[in-house]
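Provided herewith is a single structure, encoded as structure tokens, for subsequent inquiry.
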6 protein chains.
Amino acid sequence: MTEKLTHFNEQGRAHMVDVTQKQATRREATAYAQIVMRAETMALIREGKMKKGDVLAVAQVAGIMAAKKTPEIIPMCHPLPLTKVDVRFEEGAVTGEEALLDLYATVATTYQTGVEMEALTAVTAAALTIYDMCKAADKGMTIREVRLEEKTGGKSGDFRREGGQ
Amino acid sequence: MTEKLTHFNEQGRAHMVDVTQKQATRREATAYAQIVMRAETMALIREGKMKKGDVLAVAQVAGIMAAKKTPEIIPMCHPLPLTKVDVRFEEGAVTGEEALLDLYATVATTYQTGVEMEALTAVTAAALTIYDMCKAADKGMTIREVRLEEKTGGKSGDFRREGGQ
Amino acid sequence: MTEKLTHFNEQGRAHMVDVTQKQATRREATAYAQIVMRAETMALIREGKMKKGDVLAVAQVAGIMAAKKTPEIIPMCHPLPLTKVDVRFEEGAVTGEEALLDLYATVATTYQTGVEMEALTAVTAAALTIYDMCKAADKGMTIREVRLEEKTGGKSGDFRREGGQ
Amino acid sequence: MTEKLTHFNEQGRAHMVDVTQKQATRREATAYAQIVMRAETMALIREGKMKKGDVLAVAQVAGIMAAKKTPEIIPMCHPLPLTKVDVRFEEGAVTGEEALLDLYATVATTYQTGVEMEALTAVTAAALTIYDMCKAADKGMTIREVRLEEKTGGKSGDFRREGGQ
Amino acid sequence: MTEKLTHFNEQGRAHMVDVTQKQATRREATAYAQIVMRAETMALIREGKMKKGDVLAVAQVAGIMAAKKTPEIIPMCHPLPLTKVDVRFEEGAVTGEEALLDLYATVATTYQTGVEMEALTAVTAAALTIYDMCKAADKGMTIREVRLEEKTGGKSGDFRREGGQ
Amino acid sequence: MTEKLTHFNEQGRAHMVDVTQKQATRREATAYAQIVMRAETMALIREGKMKKGDVLAVAQVAGIMAAKKTPEIIPMCHPLPLTKVDVRFEEGAVTGEEALLDLYATVATTYQTGVEMEALTAVTAAALTIYDMCKAADKGMTIREVRLEEKTGGKSGDFRREGGQ
């Protein structure tokens, strides 16, 4: 690790990195988050899905809209023309009284800088929305392991998390 | 746990819960997040702090501004007149090559509904900002354990996480 | 009708009306919109509902979030602490090849000014979202009859549209 | 009509359609809305225009700013670099006690996806702003016939409403 | 001047000051800005006013909308329920080739903290909008003397600029 | 000066100028602002910098985020993909009891229209944030001389303020 933090200007202050000279190429990133909740809470989410009330449908819209809001939330992020945002959910194992929910967000652009933060913001907003909609039943829910899973495109090359899916 | 999910209307669809009849009382909530990074990355953050470049200063502004943006990010959240937002950082233990950074966000209001989501949104935005500003050096950084630590005020009573600080 | 337009200051220019001296009372408003579409488009919406893909679920989130955005969209609107937002859909009659979808949005607050614009903005955003999600199939869809259905509270008294529900 | 709704991913959930591979071409769209009001209300608007107070000037700014906000209002819309936004008003016929006001919004871009929603959002925000500024005098005003008038560019070809201007 | 900067927490970091215990009282603030431009530019603005094109009408809407956006622009500002926003323009003296335009913005609330920043943000946004709309003709326009003119209400007492109007 | 104001359409109303046919070229702009404050206030800012509390760090984040918000604040501004935003501070001379602080903001893009307004908005938001964070100590602080310092790129050619740095 010989790289320096790139978010500081000559005064040692934070700035938005100059990407004017960088090449616009296709870039894609996938972020992952996991929620741990009571098995009973997961059952309520599932039940809601069977009626019209669908916690995950709301979380998904939240994730997609948050991806577009990333440069308003993360101060040094560039505003980007996103060409794709997708959010997916997978129920994980139930261990005793605990159930796991996996969230994935994939974002793409053709631009001079990547979309890692957009994917991370999307998956986090979706997870927080699930917390919000279930907190009356389960305040102890925890978001675990928000992380970048994979990214492609850009000068720094591809990244794939070790042990990632 | 006999409560039902409260975010659905008679059609079984999501709505913003009616809090018109609820009492405006003082409410406060504290959320917590932890970031796991390389020890070298933590050293870069510290070093930056010693110059004027200060990753945590940017993260803190991000957290405070995100708290105010909560109803734009979490679809069913009420817009609230926040009376206090504070974000704090604590360096945790360094274990071999891994270092831990603890983040806390405390938010207060005097209103008909609580500020758990505002605290969670603040702490998450601060953590994502740290990721953004260090990702050139350490793409494998992970946000871990985003959770509600404590809340006071409101009809559902106080909440303090078991084993919480 | 002897009232004057109240949105102009002494210079004859638009301003945000001073409501500082007005009483904070409970206010509620319901707005209505109708979409006319092909019967086939309505069938696609219904079908989507039976899978997990749910046009109306997305439209509902859009409506609720737009209600909160009203003072950013309508220049002279006051920022308001909304205490309730609800959006409802009702399939109307199918006449030959045309199908009707009715949308209702109800918003409440306890404040010095009313929430008519919030209800109208919510119902309109929901209708536009339905257009967006169905436009690949039916560009000719039309939003018809966006109007205030009813309002209660405030000094100007209650209003109920003649012939309204 | 054999097209399917394109806003759903493999899980049957809503997503932002991937336009990464689409061609960036010039696209333009015009949307139309009509407001029905009392003839007296129209007179007040006209009178305001003769002073400096100008309801339509405020509505026009609202429409232009709303066009830029479209991806924040319509969940599955892509953020777009708009290259033109224009809003126009035309007084229609007065029939007995009723007067008509026609609104047009034209939006252009050079991008991978069209600007129909931007034009529709602009014209709707302008119409709602007129309602807001006149509602003290005429709560019964109705927005009628919000629709896409015409679009050019893009793979799906040009569209011109039958019977449209 | 013995006061300390109040925007820092125990860690010496910026936070949003806790106003939970403060009294909600009526507060009002007026800010002032002056623009210096070529006399010819002022003539163009005036001329525009005589047609329907009205630079000041757009600037005024910009100022009012910016006042509502203050907590999104100024990081440590509390979100506030504004009860009044007004923007006024006064043509000042023409000295040789230079003309002066005075701008005033007045904002009111009943809340635990004041509206100085809202008034300053409004007047600044209005001034920048005038620059934007005239810059094709006069890039050398300068905004001068953005300042707080007067404030009333709140524990720190009233303030009136020495030599102010 | 023979140019006309370009922000008006055929109806004489404001519109967002059509830049569809313009060439996308590299454009950069630098804006300048100056704050006059008491020498004691400047000392407090400096002192804060030596601790972790750093008024200028917050102001800088505010400036960068405001640059991205420009099309939401200035009504006729195009939304732009900014490729660089930088904010710098320089302490000026202390004259008796008065101290000066110079602010510079530089913004770049590769697009069909320039970034003068983005640079001006950044520098103004940074200056207002300094006012906000010091106003408890010095309400008389004044922002002076907000102006465009320099711009390069675009059909209208380069601009450099006479007597500018």
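Placement of Cβ uses the backbone N, Cα and C atoms for every residue, glycine included.
What TrEMBL says about a protein is an automatic prediction, not a curated fact.
As listed in TrEMBL for this protein:
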- E:16-154: domain 'Molybdopterin cofactor biosynthesis C (MoaC)' (DOMAIN)
- E:Met76, E:Cys77, E:His78, E:Met117, E:Glu118: substrate binding site (BINDING)
- E:Asp132: active site (ACT_SITE)
Which of the recorded positions E:Met76, E:His78, E:Met117, E:Glu118, E:Asp132 have a Cβ less than 8 Å from any Cβ in chain B?
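Among the recorded positions E:Met76, E:His78, E:Met117, E:Glu118, E:Asp132, the ones whose Cβ sits under 8 Å from a Cβ of chain B are E:Met76, E:His78.
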Within the domain 'Molybdopterin cofactor biosynthesis C (MoaC)' (E:16-154), how many residues are helix, strand or coil going by DSSP?
50 helix, 54 strand, 35 coil
Identify which of the recorded positions E:Glu118, E:Asp132 has its Cβ surrounded by the largest number of other Cβ atoms within 10 Å, counting every protein chain shown.
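Answer by Cβ density within 10 Å: E:Glu118.
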Limited to the domain 'Molybdopterin cofactor biosynthesis C (MoaC)' (E:16-154), I'd like the whole-number average of pLDDT.
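Value for the domain 'Molybdopterin cofactor biosynthesis C (MoaC)' (E:16-154), mean pLDDT as a whole number: 93.
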Short of 8 angstroms on C-beta distance to chain F, which of the listed binding-site residues (E:His78, E:Met117, E:Glu118) are there?
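Of E:His78, E:Met117, E:Glu118, the entries that lie near chain F are E:Met117.
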Among the binding-site residues E:Met76, E:Cys77, E:Met117, which residue has the fewest other Cβ atoms within 10 Å of its own Cβ?
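Least crowded of the binding-site residues E:Met76, E:Cys77, E:Met117, by Cβ count within 10 Å, is E:Met76.
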Under a criterion of Cβ-Cβ distance under 8 Å and sequence separation of at least 6, what residues of the same chain contact E:His78 (substrate binding site)?
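Sequence-distant Cβ neighbours: E:Met16, E:Val17, E:Val19, E:Pro71, E:Tyr111, E:Gln112, E:Thr113.
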Work out how many Å separate E:Met117 (substrate binding site) and E:Asp132 (active site) at their Cα atoms, rounded off.
22
Where E:Glu118 (substrate binding site) and the residue listed as 'active site' are concerned, what is their Cα separation in Å, rounded?
21
